[in-house]
Structure formats: structure tokens, C-alpha cells
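According to TrEMBL, the domain 'Glutamine amidotransferase type-2' annotation covers 2-220. Residues annotated as active site, nucleophile in TrEMBL: Cys2. Among the features that TrEMBL reports, domain 'SIS' is placed at 288-428, 458-599. Annotated active site, for Fru-6P isomerization activity per TrEMBL: Lys604, in sequence order.
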Amino acid sequence: MCGIVGAIAGRNISAILLEGLKRLEYRGYDSAGMAVLNSQTGQLDHLKRVGKVAQLDAALTGSPLPGYLGIAHTRWATHGKPEQRNAHPHLSADRIAVVHNGIIENHTALKAELVADGYQFLSDTDTEVVTHLIYREVMAGKSLEVALKESLKRLDGAYALAVIDQQQPDLLLATRMGSPLVIGVGVEENFIASDPLALLQVTDRFIYLEEGDVAAITRSDIKVESLAGEPVTREVQRFEHGHDAADKGLYRHYMLKEIYEQPDVIARVLEGRIHQGHVLEQVFGSGASELFDQVKMVQIVACGTSYNAGVVARYWIEKLVGIPCMVEVASEFRYRKTVCMPGTLFITISQSGETADTLSALREAKEQSYLGFLSICNVAGSSLVRESDLAIMTNAGPEIGVASTKAFTSQLVVLMLTTLVLARRYGFDDEQEIVAQLEQLIGLTEQVLALDPQIQKMAEHFVDKHHALFLGRGTIYPVAVEGALKLKEISYIHAEAYPAGELKHGPLALVDEDMPVVAIAPNNSLLEKLQANLEEVRARGGKLFLFADSKAQVKPGNDLELITLPDVPTVMAPIIYSIPLQLLAYYVACLKGTDVDQPRNLAKSVTVE
Ligand code: G6P
């Protein structure tokens with residue numbers, strides 16, 4: 001989704017802004033722009049382009065924007081088409097420039113008011129009202145800071161905003177409510193961005209702004225206040241991940257790099273969390289043990305891939321802990337009347353920690369009598385983490401590919417740790433065995449990655465297909481859903497997943513030679529039943545693409561492509577079997593020539609509803 005970068009320095013900042021935008025490309029966007037206070041002419045110059053940042057870069061070569069103060073943006077269209085006039089920054093009277101992430105919900109009413117006041121709108125965006133509101137306050141004699149605060153009071157909705165004024169060369173304003181924004185702290189220069197990754201080329205020290213913060217930033221000073229004008233202290237934190245995290249190295253795509261990082265990621269998730277075969281409870285945060293003691297039920301809420309991880313956890317929690325576990329997509333949960341049973345732990349799962357629906361679901365849930373709130377998240381300091389009672393990081397490192405891979409496996413590992421700390425309270429005594437199996441995952445993952453050439457070959461069968469069916473049973477059903485999601489996200493092939501037992505209740509009607517059926521069949525108590533389902537597919541002329549282990553008893557034939565995985569402990573199968581499905585989707589997308597890391601219409605972090 002939209003990305004923000006801003007800088008105030010004693011050197012030319014346009015290359016820094018451009019590099020920041022490139023680093024935010026992975027979030028998904030459709031146009032880009034930049035406004036810089038020209039150090040020679042004193043004018044507020046701007047340039048916008050529809051399409052990729054490369055287009056803006058090319059335009060900047062012909063019309064450079066030299067200056068020491070500037071803001072830049074990648075836009076993912078919500079209000080108004082992806083056209084140059086709708087790209088940010090938006091300007092008022094060539095004096096005030098604004099970039100915005102989020103949605104101003106009452107923009108229609110504000111626009112009517114401003115139009116009545118003589119303001120002309122050049123775009124269809126909700127953002128432009130903010131620009132004119134600030135300008136109007138400035139023209140009424142307010143300082144830029146006060147003008148921004150007065151304008152914010154008029155806004156309903158979510159925002160991260162950066163504002164500059166042509167007449168204030170040493171001031172960059174930044175504020176957030178509902179959308180993330182960080183300040184990158186430099187030496188005699190400072191920066192802002194919607195994601196720290198955008199600024200790793202200039203700093204590794206960050207201030208994470210909190211809801212309602214308004215920051216006045218100069219080259220040498222950062223002042224943060226609440227909307228009401230109270231000074232607030234926000235500590236400077238060092239970014240934990242290495243500088244190469246946002247670099248794809250020798251890999252052709254970030255997605256492939258991230259798939260291959262999974263053995264290291266699993267090792268990182270377990271590091272410091274296990275002691276003598278047991279999960280350490282303090283890694284969930286202070287007060288975790290007391291809270292876990294009272295858990296009688298679990299409610300999980302998430303979106304997309306994170307939701308699929310939650311569905312796997314439901315099987316684990318109900319089997320190993322023996323308490324009820326419900327899972328729901330956040331966009332549904334937040335808008336319906338839900339019933340909270342006493343003793344329910346509310347768990348959110350999110351790679352980014354900023355997904356608008358998940359965050360809103362958490363806020364809704366906080367109005368009810370849940371026992372407590374645990375966030376399973378990949379971004380320390382994210383809104384979800386800050387607003388939860390307990391949090392455990394998935395430690396996957398920055399994930400750049402829009403299609404989530406390593407974040408999913410890391411979530412699964414953390415969900416298993418969570419399952420174990422709950423299960424020990426309900427008399428489960430195989431914790432050491434499961435922990436040993438978790439430790440074996442690293443080697444197993446490497447073995448599965450070694451199947452890459454076979455999977456690459458299998459992908460060739462999908463290139464000319466328009467649909468695909470994925471089947472699994474039990475804990476493997478959500479793995480099938482995730483496999484189908486990966487395929488549709490990056491190869492644009494319509495893919496559906498079904499619990500294999502549902503085959504006869506509809507999807508069997510679709511099976512013919514043009515409908516590849518991907519079946520995920522590790523050895524478990526449902527294997528025989530699944531094998532019967534697969535024969536039903538073959539009997540209808542369907543071609544099977546089977547991921548199974550040495551226990552699978554399937555008749556060889558021209559209608560079967562089999563990839564044999566190593567034998568894995570049953571509970572670990574969802575983690576291991578996800579990986580070949582990621583590779584399958586990846587290679588199909590490569591063969592189809594799609595934009596693997598930035599698939600059309602999708603965004604990495606969905607910070608608007
Ligand atoms: C978007 C991303 C998905 C992700 C989902 C939830 O749709 O493209 O990869 O699973 O958001 O995001 P979260 O950051 O909350 O896990």
C-alpha cells in the first residue's frame with residue numbers, strides 16, 4: 001500500500017527520497033511522486049508519475065529536484081484512479097505540500113466546505129482536503145504546526161501525514177493516526193518513513209510514532225507532542241535486522257530468497273525460546289504465565305496468510321490443549337456481534353502488525369471482556385504489538401515479497417510454541433517430544449528445499465491452465481488453502497482449496513483434464529480417506545499433482561505427478577508441506593512472466609480497510 005518518505009538535511013535529499021521509495025516498492029503501488037523545496041530558487045517543486053518508481057526516476061533525470069527538505073510517496077489508489085493528478089504529494093497554492101497514507105472518511109463534507117470557500121481541487125483524492133485545510137489555517141495566521149493540529153481535529157479516518165511549507169525551509173511535520181510512521185534519526189539530518197526499511201541506507205535509529213503523535217522535525221531536533229500539545233517522550237530504538245535484509249542478493253526475486261531463508265528463520269524463531277526441551281513462557285512478555293493459567297478458550301483473528309496460519313493453530317490447540325479455539329478473518333470479526341466467553345484469550349496474527357482490519361478487530365475486542373490480548377507479529381514496535389497485553393515476535397526478518405512465505409512458517413512455529421505453553425496446563429506431557437520435533441524442522445526444511453528442481457518441472461504443467469484445485473484434510477486443509485492463495489496471488493491462476501471430504505459435495509463437478517488437482521497427503525490418520533478422494537479425481541479424468549511421503553500408496557500412472565517429501569512427524573506436517581507449495585506457485589509465476597514480488601492489485605501491508 002502507500003508509502004511515505006521524507007527528509008530534512010544539509011545535503012541534497014532527492015536521491016535519498018528516491019532510494020526510500022524504491023525500498024517501499026514491495027508494498028504495492030500504482031504511482032509515485034516527490035516534492036522538494038528547491039535550495040536554489042526557494043520554490044516548492046514537484047514531480048509525479050503513474051507506474052513504477054523507475055518512471056519517476058527517469059523523469060527526475062531530466063528535471064532534477066535539488067534541495068534539503070522534501071517528501072515523497074508511492075500511492076495505491078483508493079479514491080480516484082491511478083492518474084498523475086491523483087498521485088501525491090498534493091499541494092495547496094504551491095506552498096503547502098502533503099503526502100498521506102490512510103483514508104480521510106469525511107473528505108466529501110470537507111471538500112464541499114473548502115470548495116464553498118473558493119478552493120479548487122485538482123485531484124479526486126481524499127488527501128487533497130488536508131492540504132487545503134492546512135493552507136487555510138496558515139493563511140489565517142497560524143504557525144504550520146498549529147495549522148496542522150487544527151486541521152487534524154477536522155479529520156475522521158486514518159492517516160500518516162508528512163507536511164512541508166515552502167516558507168519554512170527548516171521544518172518537516174509528521175503525524176499518525178491509524179497508519180504507521182517512523183522518524184529516522186541521523187546526525188544533523190532527520191528522516192521520516194512509513195516503514196523503517198525505506199531508510200536503512202541512511203540510519204538504523206528510529207522513533208516509532210504512536211497514535212495521535214505530531215512531530216516537528218528540523219535538521220538538529222525532533223519534538224513530539226500529542227494532538228493536545230502535550231510534549232511526549234518517544235525513545236530512539238535501533239533497528240534489529242541486518243542492513244542486507246532488504247536486499248535480494250543473488251536471488252532472482254525476493255520471494256525465492258525468502259522461501260530459501262526458511263531454515264534460518266525457523267532457527268531464529270526457536271532461538272532463546274526453548275530451555276531443556278521446554279518453551280520459556282517469559283518470551284511472551286511479563287505476566288504471561290498468570291494470564292495463560294486462566295485460559296479456557298482461544299479466539300484467533302487475522303487476515304490473508306496470517307489467517308491461514310491461525311486455522312492450522314485451531315487444529316493444534318483443540319488436539320493438544322483440548323480447549324475450544326475459534327478463528328475468524330478480521331474484516332468479518334470487527335463488524336459482527338460476537339460473543340465472548342469468560343476465560344477467552346484473544347490472539348491476533350500479523351506479519352506487519354499494521355493491517356487495518358486486524359488492528360480494528362483488536363480494538364473492538366478490547367471493548368469486550370476477553371481475558372487478555374496476545375499478538376503474534378513480525379514487526380516489533382508495530383501498532384498491534386503496542387496495543388496488545390502480550391506479544392511474541394516471529395523473527396522472520398523483513399519480508400519484501402507481497403506473497404507471504406517465511407512469515408507464514410515463522411507464524412506456525414510461534415503458534416506451536418503458544419500451543420505448548422497452553423497444553424502444559426491441561427496435562428499434556430509430550431512437550432519435550434514436540435520441542436525436539438520443532439528442532440528437527442530446520443534440517444527437514446533444507447531437505448524439502450532440495451526438491452526445488454522437481455517442483456520447477458512440475459510447474460510446467462500449470463502454465464496454460466486457468467484453474468486449479470487444492471485438496472487436503474485435517475491440519476493440511478489450511479495448508480491447501482495457503483497453497484491455493486499463493487498460486488492465485490502471483491500466477492493469477494484461479495485456485496480453490498477444499499477439504500478433500502467435500503469433493504463429492506460440489507468441486508468434483510469441475511474435475512476434467514483442464515483442472516489440475518494438487519493434493520497434499522502426508523502420512524496421518526486421514527491418509528487412507530484422502531487416498532480414496534484422490535482416486536475419485538482420477539476416475540473422472542483429472543490429473544493429480546501429489547505431495548506425499550513414503551507411506552502414500554497411490555497407483556502410478558500418466559495421470560499422476562508425485563513429489564515425495566521426507567517423512568515428518570504428523571504435527572509438523574503443516575509447516576513442512578507449505579514449502580513445496582510456495583515453490584510451485586513461484587515457478588508457475590516465473591514461467592508465466594508475472595511480477596512475482598509485486599503482483600498486480602495487491603499490497604504487502606493493507607493499512608486501509
Ligand atoms: C496482505 C498481504 C498478505 C498478508 C495479509 C495480512 O494481503 O499481501 O501477504 O497475509 O495482507 O497481512 P498481515 O501483515 O496482517 O499478516
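Note that Cβ sites are derived from N, Cα and C of the backbone, with glycine treated the same way.
All TrEMBL annotations are machine predictions without curation.
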- Note on the structure: DSSP puts the residues of the domain 'SIS' (458-599) at 67 helix, 27 strand, 48 coil
- Item | Secondary structure tally of the domain 'SIS' (288-428) (DSSP, helix then strand then coil) | 64 helix, 28 strand, 49 coil
- For the domain 'SIS' (458-599), the averaged pLDDT of the predicted model is 91
